[in-house]
Amino acid sequence: MLLAEFQRKKRVISVRVEKTELTWSKTSRRCPGDGSVTGSEEERRTMADDTTKTDVQIPVTTDVKTPRPKKAPELPILERRNWLIHLHYIRKDYDTCKAVIKEQLHDTRGMCEYAVYVQALIMRLEGKIQESLELFQSCAILNPKSSDNLKQVARSLFLLGKHKAAIAVYNEAGRLNQKDWEINHNLGVCYIYIKDLKNAEERLNAALQQNKHDLTFMMLGKMHLLQADTEKAIEVYKSAVEFSPENTELSGTLGLLYMQLGKYQKAFEHLGNALTYDPNNFKAILAAGSMMQAHGDYDVAMNKYRVAAHAVPESPPLWNNIGMCFFGKKKYVAAISCLKRANYLSPFDWKILYNLGLVHLTMQQYASAFHFLSAAVNLRPRMSELYMLLAVALTNLDDAENARRSYEQAVQTDESDPLVNLNFAVFLYNQDDKKAALLQYQEMERKVNAQVENNSNVEFDPEMVEMAQKMATALQVAETVYWNKAGKDGKNAQRSSSNKASRSQQPLGTNQTLGQAMSSAAGYSKNIQNTAEAEVNAPSPPPDPPGDPDDDDHDVDETPETAKLKEKKRKVKAAAE
Amino acid sequence: SSVAQEIKDTSVGRSKWLDAHYDPVANLYTFTSCIALSDLHGDGDNKLVVGDLGTGVCNMKLKVYRGTGLLSESTLLDLPTGLVSFLMDLHEPRTPAIAVASGPFIYVYKNLRPYFKFTLPSLEVNPLEQDVWSQAKEDRIDPMTLKEMLEGIRDKAEIPLSVKSLRYLMLDLQEMEAFVHLHKDQPIRRQTVITCIGTLKKNMADDDAVSCLVIGTENSDIYILDPEAFTILCKMSLPTTPTFMDVTGQFDVEFRITVACRNGNIYILRRDSPKPKYCIELSSHPVGLVRIGRNVVVGCTHETLHGYTQKGKKLWTAYLPAPVTTMALMDLPARAFQAVLVALANCEVHMYRDKNLICTIKTPDVVTSICFGRYGREDGTLLMTTKGGGLIVKILKRTAVFDDKDSAPGPPIAQSIRLNVPKKTKLYVDQTLRERENAVAMHRAFQMDLSRLRLATARAYVKALESSLTPVSESPTEPLKMNAVVQGLGPSFKLTLNIQNTAACRPVMNIAISFLYDEHLYSMKTAFFKIPLLVPGLNYPIDTFVECLSDKGISDIIKVFVLREGRSAPLLTAHINMPVSEGFALN
């Protein structure tokens, strides 16, 4: 059917050609009389020709009348519609494009290289990768000297997961075109997939030397992350952001990496940049929001989250963070419903369960808290804070025996958090086991002193300090801990002036997180409601990077949660009392 | 029409544009490169000249619009690739000529009459190919050899084959001879086609100065043609085929040609350098290219708009809501105002000044070609054709003022949308209070029940193990798997037991099967039989028949035991819940 249609069209053309030919030959007589110009002679002649004839030798006007049949028909140039195919292709008007290609291929019996090439590109976009590979291979046969064809063959192989074959073809293409960054870039990507990171780095750097592209920076950064070399990855992203400051993906990722390293000031700067250029950037919103949240700016964080919730309404980390925002604002019921939504969306995320446990402890719903915490412990059995919280819940459920076992587990798995020991000491003291309590207290002192040695700027949460002091009095031990030397007056004064104030003065990113964490313990003398209200602690550097740092999205949520965790401990204290 | 009415409705109010004309059925299939505004008759009344691609195969037309109507229409021989209006001489009256690029030719029209036809120079022909054909002409080689030789040349030679040879290679054996006979006397010519066309002032910057034609070819060359004699003044080459170009400057002084190419790069050519001076590598294909002042604005297939300096340094990127279909410059010299018009696939036309979106125009269809300038006697006219073939004419209001600020709203709208958080219910509060009061009791009750549940589970498990109730036998010597299927409505049922030996290689022997059932309810022909040696891995279906004796519509369990000779404890036990026999119920 198509053939018939085609021939009909052809006939139409030839008829029309005859008509126009007359006009053109007529005008040729009126052609500008500039005989001296080279080429005008021939042009005049060609003008007289119509498209169906080629014979150049025959002089102009007489030729028009010669009977047609003797002349061989003009052979249409194979590439004549390439521009049209390209134009439709780049406009993503694939239907029209395919129609033109079909016609062109029919016309040239599949010999039009560009038509085949674009057909293959469209097929690949449609997911028919194997077919596209075959078409690209036939392109490479039609024109073996084009590196483009080989590049596309390799690309299809790559998409089919045949990385080694793709590398071989890319190398071949590289021989035809030495200066193509794309070949080097793609080779680098292939090497990453076959885990040959050394070659990958070399190739990606070569690509960057030839021409800088955001994509190459991104792959190189990812490769360093695969090697768990965050410092190097940061270097790469830094130069990438310098090269293309408006790429929100790059600045967002850099911000997250800084966040992982605990450099909050820098992280906030880059995340802020990302949000300036793209206020809807989900990743950056979540990360920046978590940092605001950690500083107690719940309303600002909520504003950002609303944007994110509109864009990605079913994100577990987002609802987790929103829930903890409500928690920070003491809207516990809303917090619980948001966290439960997060939990529904991602039932095996221990962080959400942890936060649910925390909120339920705050709400004095110890039985529910126990369930969430024990689920979290099952998912993440090596985390001391979880056992500690579980112990608090059990203490409140009058199950001293299991609480003690849980504390023991917590103390056993913990390495540096004095809070665990302090809580345990309080618990033991309440159980009238003063000897064991003293041991835990000394262990806590040891951890605190170790921290002070490592970093003399460590600040401890005044609530925790106060609690520890009370404990010391109760146990009748001399206080040898760091904060005594610092002088109680200052601490107490600061505490009374409200923690919130002091918090907000602290610049983002100071490394006081652990100290802050401890502060949560100090609320023991207050009643529960009050402790709950004491503001959120500063963000702790993810103490225990949950999961592997595989996905950026995951990294984002960690911080807010850990911040929350700390609060919980404060509750713990209260419970213990 | 109702559609026209609709546009009118949306445009009232704060719109900066007047809807002058909308013809949804103008039947135009064209591109931005094929439309031009031109004072064709030198009377100050600008017409719209459109190179219409017709159906894409035939019916190509050169159309001229004046006001709201079609002024004239003439047939084109082939698909128009590009169309420009230019002044080719100093003769009075100063009427511009129209150049239509199509295939390897440029057709020049003056006063809408065919005036001149320029043909691209032929390309170099491979001497080997010439040789082969001259042999064929003298009938010294047969068609098959000719084909082989041509194929050899195609695969190795630096210079590609001519159309004649390529066409020949497509032919079937029986057609070859006729083809050779028909074409052998023709000279071998290699031609390329024009892919884009532009104009360049010859030696004066005035609006009405004489302009040269600048053409880009499929063969990756750029030619600059003399406006009067149509000789080639200058030839430059690119690494790849050009798709769009923008030309600025004067040929005799200094000029820049910015060319977007098919490999996704943009090259900038200057006078006196036959090779590109600068190169911009884009991450996706350019769909439109506009030079505005000293900068180049490129729309890409990745829904982005980039700004570059004329030396190729990236300035900014704007993200678009939809793919770009075409772009054009909006130039209002009277107000010294310039902006970039970007037509998008979501039926909108965006107006950008640098990276700031300053105006959005909604259109009833996707715009495929766009052009801004003087139409009729109105300076600020926007002409667009749509995918469906419509023609839209809009006039910029003389009172329209464009803020330089980005018209995109500051904080995203989503920020003010309330979060979907459920309200707290009385039930929830009650339950919370109950838990607070009775947490210890609840916890204990739960723990107790949990322990009971665990105990019950463990007991059931042990019982199952002890009585071999599991469907899989774990015994190391006879690892067996069994399942049973009951077929039939009753009173007789077919009972199929599928037994499989799951051992890696050891066969199982000396196995028997026995059934235990209520003899008042069911009867079986054989309630005990031996089964053959079981080869590992194979599935052995064993059929037997059960007759239901009761007509009370009751059913019972039949127990199946897989036994090993010499052992009283079964290897496997299966309880088959028999279906109620429907056969008796019918009686």
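Glycine residues also receive a Cβ, built from the backbone N, Cα and C atoms like all the rest.
Note that the structure is a prediction, hence the values are computed from the model and not measured.
Annotation source TrEMBL lists coiled coil at A:390-454. On the 0 to 100 pLDDT scale, the coiled coil (A:390-454) averages 87 in this prediction.
The annotation compositional bias 'Basic and acidic residues' is assigned in TrEMBL to A:41-51.
Among the features that TrEMBL reports, compositional bias 'Polar residues' is placed at A:493-519.
The compositional bias 'Acidic residues' annotation in TrEMBL covers A:547-560.
Annotation comment: TrEMBL describes A:566-577 as compositional bias 'Basic residues'.
Among the features that TrEMBL reports, region 'Disordered' is placed at A:28-51 (among others).
The feature region 'Disordered' is assigned by TrEMBL to A:488-577 (among others).
Listed as Cβ neighbours of the repeat 'TPR' (A:214-247) (distance under 8 Å, sequence separation of 6 or more from its ends, same chain) are residues 181, 185, 188-189, 192, 197, 200-201, 204-205, 207-208, 253-254, 257-258, 260-261, 270, 273, 277, 549. The annotation repeat 'TPR' is assigned in TrEMBL to A:214-247 (among others).
Annotation comment: TrEMBL describes A:248-281 (among others) as repeat 'TPR'. Across the repeat 'TPR' (A:248-281), DSSP helix (H, G, I), strand (E, B) and coil residues number 27 helix, 0 strand, 7 coil.
Residue counts for the repeat 'TPR' (A:350-383) under DSSP, helix first, then strand, then coil, are 27 helix, 0 strand, 7 coil. Look at TrEMBL and you will find A:350-383 (among others) tagged as repeat 'TPR'.
Annotation source TrEMBL lists repeat 'TPR' at A:384-417 (among others).
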**Request:** Helix, strand, coil: count each for the residues of the repeat 'TPR' (A:384-417), based on DSSP.
**Result:** 27 helix, 0 strand, 7 coil
**Prompt:** Which residue counts does DSSP give the repeat 'TPR' (A:214-247) for helix, strand and coil?
**Reply:** 27 helix, 0 strand, 7 coil
